[in-house]
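**Student:** Take a look at the following structure, please.
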Amino acid sequence: MKASMFLALAGLVLLFVVGYASESEEKEFPIELLSKIFAVDVFKGEERGCKGFGDSCTPGKNECCPDHACSNKHKWCKVYLGK
């Protein structure tokens, strides 16, 4: 029952993406779609001086963007959740 509901939802999402892709004429469609879904501007790291999600960093330095934090364990920028 859960699997069939998941497949139905996944099918609707796929239908939405295909419909949106057929209307979109831009070449940056996947990046545009993901940035609209997550409302995060992670894909334009070249335009800013801070490091975005997944970029390597040094703990203790303020290299990551304001909404990210450097992980002491993995040494890359993660989304800061305020914990």
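From the backbone N, Cα and C atoms, a Cβ is placed for every residue, glycine too.
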**Student:** In Swiss-Prot, Cys50 is listed as disulfide-bonded to which of the following: Cys65, Cys70?
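**Tutor:** So the cysteine paired with Cys50 in Swiss-Prot is Cys65.
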**Student:** Does Cys64 (disulfide bond) have same-chain partners at least 6 apart in sequence with Cβ under 8 Å from its own Cβ, and which are they?
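**Tutor:** Cys64 (disulfide bond) has long-range Cβ partners Cys50, Lys51, Gly52, Asp55, Cys57, Cys70, Cys77.
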**Student:** Which of the three DSSP-derived classes (helix, strand, coil) applies to Leu81 (leucine amide)?
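**Tutor:** Going by the DSSP assignment, Leu81 (leucine amide) belongs to neither helix nor strand, so it counts as coil.
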**Student:** Quiz question: given the recorded positions Cys57, Leu81, which has the greatest number of C-beta atoms lying within 10 angstroms of its own C-beta?
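**Tutor:** Top count of Cβ atoms within 10 Å goes to Cys57.
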**Student:** So for Cys77 (disulfide bond), how many other CB atoms are inside 10 Å of its CB?
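**Tutor:** Around Cys77 (disulfide bond), other Cβ atoms within 10 Å: 24.
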**Student:** Can you tell me how far the Cα of Leu81 (leucine amide) sits from the Cα of Cys65 (disulfide bond), in Å?
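**Tutor:** Here the two Cα atoms are 13 Å apart.
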